[in-house]
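What Swiss-Prot annotates here:
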DOMAIN    4-168  domain 'EngA-type G 1'
BINDING   10-17, 57-61, 120-123  GTP 1 binding site
DOMAIN    177-352  domain 'EngA-type G 2'
BINDING   183-190, 230-234, 295-298  GTP 2 binding site
DOMAIN    353-437  domain 'KH-like'
Amino acid sequence: MAKPIVAIVGRPNVGKSTLFNKIIGHRISIVEDQPGVTRDRIYAEVEWLDHYFTLIDTGGIDADTEEIIPAQMREQAQLAIETADVTVFMVDGRAGLTTSDREVAEMLRKSHKPVLLAMNKVDTSNRLDSFYEFYELGIGDPIEISSAQGLGIGDLLDEIVKHFPENKGVIYDDDVIKVAIIGKPNVGKSSIVNSILGENRVIVSDIAGTTRDAIDTPFNDGEDQYVLIDTAGLRRKSKIKENIEKYSVIRSIAAVERADVCLLVIDATEGVTEQDTKVAGFSHENGKGTIIVVNKWDLIEKDNNTMNKFIKEIRTELAYLSYAPILFISALTRQRMPKVLETVKFISNQRAMRVPTGGLNEVIGEATLLNQPPSDKGKRLKIFYGTQGSIKPPTFVLFINDKKLMHFSYERYIENRIRENFGFEGTPIRFIYREKSGRD
């Protein structure tokens, strides 16, 4: 089941990124005392009292100029309404209530989704005046916090997890293959959905951000049940051009959470972009099957080496997806489209595959003989044995003498040997290490 999504919204410089960093426990966003400075990662996985959720910092889509702040805040609120299960509406207790605060509060109230009002900067004076002022918003009791000092953060998190839905979204049977179509706007995601379905079930336009909602489309190919999850575009075209791609990253997060296999759609006319790397990273980190789909291949002038050049670029820019197959298609002309669903089915089976413990340990033993494990200060890594702990993604438990001796490069080596012998194409592989002595 997908993890709940929590969005922090509010006007620039109220402390959204500081709160985001305080909650996740380390500083990954750029924080300065100027509006519009968050330029880095905008999501993180959070655990609080055995509740797991995805936290989104909409500070990553703040405007840089005061003139467009009201419009920007409305877009933030709309994003939260469409995507988040719980919205934290952050206001500045020092500055007091603003017209923009009132406008966004009205939108959030109409959404009928849980909204928590966080009054920041309570470590300053005159907070009581602001406290009662914010009751005008009609969102409920302000939760007093100081994101800079860490005051009240635990109370806020307690309230957040209380409002999580019991069932996150539609629950499909385990045998239904859930496929998320992800990628930046205007790469042809909806056209791919339509081509797979063979009918026009999703509105398609050449204008980025015209898909009206995230649309789940169940269908049967005669053998298996599928659900295509088409990530939503903007409900309306953003007034700020740069926001469109950032919004779609956040919407992709929600789709990836629910998926078994992700189709990462790349525009052949543009190549791999920064946003492609962000969305691809989220799919990889969440253990999803991934297929890299290069769309609009019909628009590319080709010679004998064109495809190889594209493959090299993709493997360089998305090196962590070395396991992901690459398909070159045209949703418009249906070039190689039958291969897409065929590959989805194959990757889904690869994610669910189990290998025998005996065969696994033969591969590991042979690998350690061919390439001796690393050592440090005279102590050498020993892999006593391994077993497959789980599937989706395939996860292996290795019993070793010292976790600190397992270098990333050697883990990659073991992973490659496992892939060479058993497959697992299109899916990440995870390792869990358990320490034991040779006498155990």
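From the backbone N, Cα and C atoms, a Cβ is placed for every residue, glycine too.
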Taken over the domain 'EngA-type G 1' (4-168), the model's mean pLDDT:
75
What Cα-Cα separation, expressed in whole Å, is found between Gly10 (GTP 1 binding site) and Gly183 (GTP 2 binding site)?
26
Which chain-mates of Val122 (GTP 1 binding site) that are at least 6 residues away have a CB under 8 A from its CB, listed by sequence?
Gly93, Glu144, Ile145, Ser146, Leu151, Gly152
Measuring Cα to Cα, how far is Asn186 (GTP 2 binding site) from Thr58 (GTP 1 binding site) in Å?
22
If you measure Asn13 (GTP 1 binding site) to Trp297 (GTP 2 binding site) at Cα, how many Å is it?
43
C-alpha of Lys189 (GTP 2 binding site) to C-alpha of Lys16 (GTP 1 binding site): distance in Å?
31
Mind tallying the domain 'KH-like' (353-437) by DSSP state, helix then strand then coil?
32 helix, 24 strand, 29 coil
Just counting, how many other CB atoms are there within 10 A of the CB of Thr58 (GTP 1 binding site)?
30
Determine the Cβ neighbour count for Lys189 (GTP 2 binding site): the number of other Cβ atoms within 10 Å of its Cβ.
28
Mind giving me a neighbour count for Lys16 (GTP 1 binding site)? Other Cβ atoms within 10 Å of its Cβ, every protein chain shown.
29
